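TrEMBL has this to say about the protein:
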DOMAIN    43-108  domain 'P-type ATPase N-terminal'
TRANSMEM  304-325  transmembrane segment
TRANSMEM  356-379  transmembrane segment
BINDING   Asp427, Lys428, Thr429, Glu546, Phe593, Lys616, Arg650, Thr731, Gly732, Asp733, Arg838, Lys844, Asn867, Asp868  ATP binding site
BINDING   Asp427, Thr429, Asp864, Asp868  Mg(2+) binding site
ACT_SITE  Asp427  active site, 4-aspartylphosphate intermediate
REGION    463-482  region 'Disordered'
DOMAIN    890-1140  domain 'P-type ATPase C-terminal'
TRANSMEM  925-945  transmembrane segment
TRANSMEM  957-975  transmembrane segment
TRANSMEM  996-1021  transmembrane segment
TRANSMEM  1041-1065  transmembrane segment
TRANSMEM  1072-1091  transmembrane segment
TRANSMEM  1111-1131  transmembrane segment
Amino acid sequence: MTGRRRRRKLHLSRLYSFATCGRSRFNEDHAQIGSPGFSRVVFANDPDCFEAANLNYGSNYVSTTKYTLATFLPKSLFEQFRRVANMYFLVSGCLSFSPLAPYTPLSAVAPLVLVIGATMLKEGIEDWRRYQQDIEVNNRKVKIHHGNGNFDYTEWKNLRVGDIVKVEKDEFFPADLILLSSSYEDAICYVETTNLDGETNLKLKQSLEVTSDLQADSVFRDYRAIIKCEDPNANLYSFVGSMDHEDQQYPLTPQQLLLRDSKLRNTDYIYGVVVFTGHDTKVMQNATSPPSKRSKIERRLDKIIYLLLSSLVLISLIGSIFFGISTNNDLDGEMKRWYLRPDDSVIYFDAKEAPIAAVLHFLTAMMLYGYFIPISLYVSIEIVKILQSIFMNQDIQMYHEESDKPARARTSNLNEELGQVDTILSDKTGTLTCNSMEFIKCSIAGTAYGHGVTEVERAMARRKGSPMISRPDAAQHDEENHADTKPVIKGFNFSDERIMNGNWINEPQSDIIQKFFQLLAICHTVIPDVDEETGKISYEAESPDEAAFVVAAREIGFEFYHRTQTNIYLHEMDPLSGKQIDRKYRLLNILEFSSSRKRMSVIVQDEEGKLLLFSKGADSVMFERLAKDGREFEQRTKEQINEYADAGLRTLVLAYREIDEEEYTNFNKKFTAAKNLVSADRDERIEEAADLIERNLILLGVTAVEDKLQYGVPECIDKLAQAGIKIWVLTGDKMETAINIGFACSLLRQGMKQIIITLETPEIVRLEKDGNKEAIAKALKDSIIHQINEGKKLLSSSSTESFALIIDGKSLGYALEDDVKDMFLQLAIGCGSVICCRSSPKQKALVTRLVKASTRKVTLAIGDGANDVGMLQEADIGVGISGAEGMQAVMSSDVAIAQFRFLERLLLVHGHWCYRRISSMICYFFYKNITFGVTLFLFEAYASFSGEPVYNDWVLSLYNVIFTSLPVIGLGVLDQDVSARFCLKFPMLYQEGVQNVIFSWLRILGWMFNGICGASIIFFFCTSALQHQAFRKSGEVIDLGILGATMCTCVVWVVNCQMALYISYFTLIQHILIWGSIAVWYLFLLVYGAITPTISTTAFMVFVEGLVPAPSYWIVTLFVVVAALIPYFTYSAVQMRFFPMYHNMIQWIRYEGWADDPEYCQAIRQRSVRPTTVGVSARLDVKVSQLTRKVHHEVHSLQQH
C-alpha cells in the first residue's frame, strides 16, 4: 500500500491533538431547535419535494452591485440631485423656460444634461464591473447530485438548499454545507479559512458517524435526511442543528459546518448537503452593504458650494433692492432710465409696481449669477479621478510580476484621500506576511548555525553604514536572496555546511545536534503525505512553523516519513556507521500546545527502550524548567535569542530529558485520569499533570524561524513612519505570533517598553471558575480600566522612551465599551505601535470606527481576507491585498494592490499627487468662476441691475464647458509639484496632505480673493479704457457686444495664464490645453459670429468687423492680462523666497541642481523626518546611540586609566 492510502486509514481523531473530533452530543442549545431563530428545515437530497418548495429559500446567486436595470435611472438621478449645486441648476433650467430668464433655455439646460449624463455613465460603468465580478463567482462549477447516484458539474448560482454536492481538493465551498463524509475513513477533512478569519492554520472538520460511510457517488441514490437548524446569521463560530436520519436524531455542531469561501485542503473530496445559500450564507451575512464613502475634500466642497450659494443669494438680494429703489424713482423727478419707458412698461420694469419688479428681478439675478457656481466642477472632478485611477492602474512600479497583478483603483471617489491618511490599520496574515514560515537559523549547544538573511536584516543592510551588519557575508545576500525568489524547498532557507550533508557528525557537540534534530522530527502532530507517482514526501501540518521544523529535520538528515496511532518512523543517519538507517519511536503521549502553556511536548520510547521527553516552547517558560545540570549553554543561547529577535525571527527553545519507568507510570496514570474527566476543570487538571513531568529538562538549543514577511514590508513601514503615518496591526492570531511579527516588521524593537493588556492572568482564570457571570464581567472590566490607567501613568512618567500597546481580543471587547473606549484610545495614541491580537472581524471594524470617529483624521484599512471586509468598509479607505486566496477583501475594497510594499508608492507618490491636484483643481475652479461671475455682477451694478448679462448666452454656457475646462483637467491629471523620486526621498512631504495645507480655508479664500481682484481689474480697466473711445472706422463708440467680447477675451486670457503660472510640471499636453483653450475662444468668436444674427445675436460679426480691426482691443487685452496677474505673481514670488512650503524647498533643490548633494539633501531631510519610534530607521537610531554610548564609555574609561 502507498503512503497516501496508509494515511487515509489513520484515525486522526484518536490523536490527542485532534481531541476536538469525535462523537457530537446534544446540549442545552439544541433544545431551541424549532423555536424562533431556529426554524430552518432542510430536506437533504430532496430539494424538489413539496415541503421544500413551500419553504421558498433564496437561491445561491450573489450580487454585490449597487444598481439593477430597473433601479439604475431613478437611483442614479437621486444620487446626482443630492448635490445641492445640481439641484440649483435643475431649478434654474426649469425657470429658463420663463420670461424671467436672462438667457435662452437651451443654453441653460444643455450643460446640465451633459454633466449629469457623464456622471451617470461613469456610475454605470463602475457598477458593470462589479456585475462582471459577480458573474465570475456565480458561474464557478461544482459537482452536484442529479439523481440515481450521478454527479455532474453545475454553476454555483444553480445550487438549492438540500442539494448534495461533491467538493474536491483545493476547491472553495460554494455554499454553507453540512459535512456528510470525506475521502478519509473517519470522515474528517482539512479546511483553510484564510478567507474568513485570516488564519492559515488548517481547521479539522468531522462528519457525524452515521454518515461517514457515504464514500461513493452511487450510495446517494437513496439517501434521505431532514436537517433542522438555526436561521441564517452572521456568527462564523457557532451552529446549532440536528439531523433526522432513519428515524434517529443526531446533533449538529460547528464541527460539521463547512462555510462558503473556505477551501478544502489536503483532502481528496468531501460530500456535503447545502443548508444556507447565497446571501443567507454566514460569510455574506457578515458582508455589509458597500457604504457610500465621500472624501473630506468633497465634504468641504459642499460647504464651499453652500458658501457661494449664500453669497449668490446675498448679492441677488442686494441687486434686487437697488433695482427696486431705482425702478420706484423712475417716475419721480428727472427720468434717468428713459429707455425702459417706465411710463409704459411691462411688469418687470413697472415703476408703479416696484416691489413686484424687485422680486422678479431677484429670481432673474439668481439665474444670472449662477455662474459663480461651477456647473462643470463635479463632472471635471469625475473625469480627473478616473484618469488618475488609470494612471495608478498603469504604474509599473506597483505591478507584481509573480502574480501578474497590477494595482487597481476599484473606485475613483477617494483618490485625494490617499494623500491625507493619518492612521493605517493593517491585518497581519497575508497582508504583512506571505503565509509561510522558513527555517533560517538555529543555535545548538550555544553555537549559532545558519547564514540566511532576514527581511529585517536586508532592510538594515540597505541603509548605508548600518551597524547591524556584523558579518561581511550578510550583505552579500541582499539581492540574490530577494524575498520574491522562493527557496527551492518550501519552508527551508537554511545554509551552513558545518551541519548539512551529514557534516554534523564532525561537530564537537554532535550528540546534542543529533538530539536537536530528532526532537524536530518527532515533537509535532504533522502527517506525512507520500506522492504515489514520485514517492516524494510532503507534510500536512496544522501550522506552517511545524511543517518548517519537520522539513528542516529532513534536510539535515532526519526524515520523518510515516506515522501510525502509536509509532513515528524516521530515516536518520547513524553517527557510528555514517549510513542512513530506519528508526521507530513509540509514541506514548502528546502534550499539546496552548496559549497558557506556551510549549508542546511528546513522550516517546526509542528502540533501546529509553523513555524520552522532547519539549519545545517559548523561552519565557522553557528556561525556568531546565535542570541545574542542563543549563550549560543557557547564557550563550539567551544572547543568540536576542540577536534572532533583533533580526525579526521567531524563536522556540528545545529541550529534552530521559524518564524512568516509575516516573512515567505515575504521570500516565494522572494524565489519563485527567483526560477522561468531564468536569469544568478538565483542562486545568491536564495541565497540572503535564507540568509534573515537563521539568528538569536539558537544554539543546533554539530554532529561529522567519514568519516570512512580504518583500519590502520593513522598508515600507519605515518610510510610512517617517511620513508621520501611525500604523496599527489588528490580527486574529495569538499574542505571541503578533509580537514576533511586530519585531520582524520593525513595529516593535528591543528596548521598546510593551504595555500588555490581557485577561489571561491566573487571577482572572481563577475568578472565571468561581464567580457568577455578572461579578465576573464587572471584575474583568475593572481589570481592563486598571490596566489602561497604569499604562497611561507609564506613558506620562517618561517622555524619552517609546512604548508599544498590545491588547488581546477578550480585553479589547471591554476596552471598546462606551465608557472605556476614550481612555483606551488616549493610551493607544500615546504609543508608538499598537497591536490588537485575537481580534474578531467585528472588533476590527469597531476599532477602525473608533479611530476614525475620535481622531477625525483619515483612516486606511488594509487586509486580504473576508474577515477584513468590515474593517475595510468602515475605514475612510479600504485597501485589499489581491493575494493568492479569495477575493472577498478585494471586492469590498476601494483600492486593490498585490503586496503591502506598494502602499508606500500608493500613498507617498500617488496619494500626494492626487491630493494636491484635486485641491488645486477645486481652488482654481472657484477662482475662474468667481473671476467670471464678479465681472457679471459689476456690469449689473454698472447697468443699474437691469438683469441684462454683459456676455452672450452661449458665451455664458460654454465658458465652463469649453473655454476653461480642459486646462484644469490637465492640472488635475498631470501636474507634479515634485517627482516620484523626491516624494519617496522626502517622505515628510506627505504631511502637507495630512495637515490639509493645500485645501485649508485660508488658501480657498485666498484663491477667491484673487478671483475678485482679477475680475475688478478686468472690469474697471476695460470699461475705463473703452468707454469714450471711438472704436469702429466710422467713429461709433463700443456697444454691449464689443464690451462683452473684450471683457470675456481678457477673462479667458487671465484665467488660462494664471494656470500657466501655477503649474509646476509642464508637459506638451499642458501647453496644448492652455494655449489651445485661448485659441478655441477666438475660433468661437469667428465661427459663432458668422452665424445668422437670429442665433448669434450680439456676437454677430463682432470679432471680424469690430475687434480685429481695432488696435485698442489688442492693447487693452495685453495691458489688462498683465495687470490682473501681477497680484498673484507678487504673492507667489514673496512666498517662494521668504516663506517656502516644504514642497517649495524640494523644488529649489531640483532647480538649483542640488539633488545629488548629500549634505544639502540631508539638511532638508532633517527638517522633514520627525523622531519616529517604529521602523528600521528607529531601530538603527537606537543601535547607533547604543554603540555611541559604548564608545564614549570606553574612551572615558581609557582616559581615567
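Yeah, the Cβs are placed from backbone N, Cα and C, and that goes for glycine too.
In this view, the densest Cβ surroundings among the binding-site residues Thr429, Asn867 belong to Asn867, judged by other Cβ atoms lying within 10 Å. Comparing Cβ neighbour counts within 10 Å across the binding-site residues Arg650, Arg838, the minimum falls on Arg838. Non-local neighbours of the transmembrane segment (996-1021) in the same chain are 296-297, 300, 304, 420, 915-916, 919-920, 922-924, 926-935, 938-939, 942, 1047, 1050-1051, 1054-1055, 1058, 1116, 1119-1120, 1123-1125, 1127-1128, 1141; each lies 6+ residues outside the stretch with a CB under 8 Å from one of its CB atoms.
Between the transmembrane segment (925-945) and the transmembrane segment (1041-1065), the number of CB pairs under 8 angstroms, six or more residues apart, is three or more, so the stretches are in contact. The sparsest Cβ neighbourhood within 10 Å, among the listed binding-site residues (Asp427, Asp864, Asp868), is found at Asp427. The transmembrane segment (1041-1065) makes no contact with the transmembrane segment (304-325), as judged by fewer than three Cβ pairs under 8 Å among residues 6 or more apart in sequence. Summary for the binding-site residues Phe593, Gly732: the Cβ-based neighbour count within 10 Å is maximal at Gly732.
Nonlocal intrachain contacts for the transmembrane segment (356-379), taken as residues 6+ away from its ends with a CB within less than 8 angstroms of a stretch CB, comprise 83, 85-86, 88-89, 92, 95-96, 100-103, 108, 111-112, 114-115, 118-119, 301, 305, 308-309, 311-313, 315-317, 319-321, 323-324, 327, 347-350, 922, 925-926, 928-930, 932-933, 936-937, 940, 945, 947, 949, 956, 959-961, 965. Taking only the Cα positions, the spacing between Asp868 (Mg(2+) binding site) and Thr429 (ATP binding site) is 11 angstrom.
Reported as a whole number, the C-alpha separation between Arg650 (ATP binding site) and Asp864 (Mg(2+) binding site) equals 23 Å. The distance from the Cα of Thr429 (ATP binding site) to the Cα of Asp864 (Mg(2+) binding site) comes to 8 Å.
Across the domain 'P-type ATPase N-terminal' (43-108), DSSP helix (H, G, I), strand (E, B) and coil residues number 31 helix, 2 strand, 33 coil. Note: the CA-CA distance between Arg838 (ATP binding site) and Asp864 (Mg(2+) binding site) rounds to 17 Å.
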